[in-house]
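The feature substrate binding site is assigned by Swiss-Prot to 68, 97, 126, 166, 188, 189, 190, 229, 230, 231, 232, 268, 295, with sequence analysis given as support. Annotation source Swiss-Prot lists Zn(2+) binding site at 272, 336. If you look up Swiss-Prot, you'll see 412, 415, 419 marked as [4Fe-4S] cluster binding site.
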């Protein structure tokens, strides 16, 4: 008997969630079903997420954008994180990941889930680590295997739609990293926790060793596995090295095991990657992971732009998505510097939405060009309201025009009376009047 979207799809059954996703994407329900059955499309929606909107991610669909929010040990203001969630969704984020590591994390997660109907992701390992330190008064390395899985169940029960789990961080991958040498070692927080735990306990990664236990939990909630890249490169110099690719090979093997068990999977990717290596990274992931949806952090194309990493992210994200990545995790101007502000979240979401939209045009996603064509028509007519309504960020567009002073001639203050549109309109009108 089918219990997950993947199992229903493989039995030829179109579910209500598939129909809802198809309507949102402008494709047929059968297109969604076929993609899910093949493992190239997923629908992120935990059966416990009552107010949640099913989110389809994958081949042939619009590129999605995720916004990371969450507290830290230094900033535990819940109201601020809820405002970030609202702002992210208002500006077009498709998903929100709660990465809270400070304050009442259970309360924060539940409040974020209640605040929005967007798709919600999390990293349950953070919860297990925090509980070990704060509740049990121990260290991260004192987490038990049961602690880790209890954290996963807690997030599943709360209605989290997808969880990042660093199952590919194994002893063999750590050895490859050591043997080859890396400039920045492990920059993934979950990956670092796992490596530390493995070294201290002289044991294999519990999420790898007990992967079947993980599948039982996620299948029960139809919760999507986002197989995390614990060895993602944290600088350009470490991109596409043996540790990164070895982990990707393992994730490809785990993808097959998960799909065989009826569990939906996506793969997380880098990271910091030079422009000329991005397409190769996408090709490798799609080949090694059997076409599973690819969820990338950036990638950032240079390491020297702190304060502007939403731009380095958008550049890499546009290239990655045009090459086949399906899901972009935003980066804010505060990346590498501080916990992002509400304004940082807004800028990060918009930057990644620009990248996603540009890539969708390049990929030929159905309907991707329609707004661009409409915008061109509005610009030609100097229809400012139409331009604002079509903008990715109408508020900023309106503000900038208002600040410059609205000219009587209807053009902008860049060209004024020498506006090319007005000049051409006058020229064409004169030709018509002359009978030409």
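Keep in mind that glycine also has a Cβ here, set from the backbone N, Cα and C atoms.
The structure displayed is predicted, hence computed values, not measured ones.
Distribution of Swiss-Prot features across the structure.
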{"residue": "68", "record": "substrate binding site", "DSSP (3 states)": "strand"}
{"residue": "126", "record": "substrate binding site", "DSSP (3 states)": "helix"}
{"residue": "188", "record": "substrate binding site", "DSSP (3 states)": "coil"}
{"residue": "230", "record": "substrate binding site", "DSSP (3 states)": "coil"}
{"residue": "295", "record": "substrate binding site", "DSSP (3 states)": "strand"}
{"residue": "412", "record": "[4Fe-4S] cluster binding site", "DSSP (3 states)": "coil"}
{"residue": "419", "record": "[4Fe-4S] cluster binding site", "DSSP (3 states)": "coil"}
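Annotation note: residue 272 (Zn(2+) binding site) sits in a strand segment as assigned by DSSP. Considering only the binding-site residues 272, 412, 415, 419, the residues lying within 10 A of residue 232 (substrate binding site) on a C-alpha to C-alpha basis are 272. Residue 415 ([4Fe-4S] cluster binding site) sits 54 Å from residue 126 (substrate binding site), counting Cα to Cα. Sparsest Cβ environment among the binding-site residues 126, 295 (other Cβ atoms counted within 10 Å): 126. Within 10 Å of the Cβ of residue 419 ([4Fe-4S] cluster binding site) there are 17 other Cβ atoms, across all protein chains. Of the recorded residues, residue 295 (substrate binding site) and residue 272 (Zn(2+) binding site) place their C-alpha atoms 14 Å from one another.
Looking at the residues that bind substrate per the record, 68, 97, 126, 166, 188, 189, 190, 229, 230, 231, 232, 268, 295, the two CA atoms farthest apart are separated by 20 Å. Compared over the binding-site residues 190, 230, the count of CB atoms lying within 10 A of a residue's CB peaks at 230.
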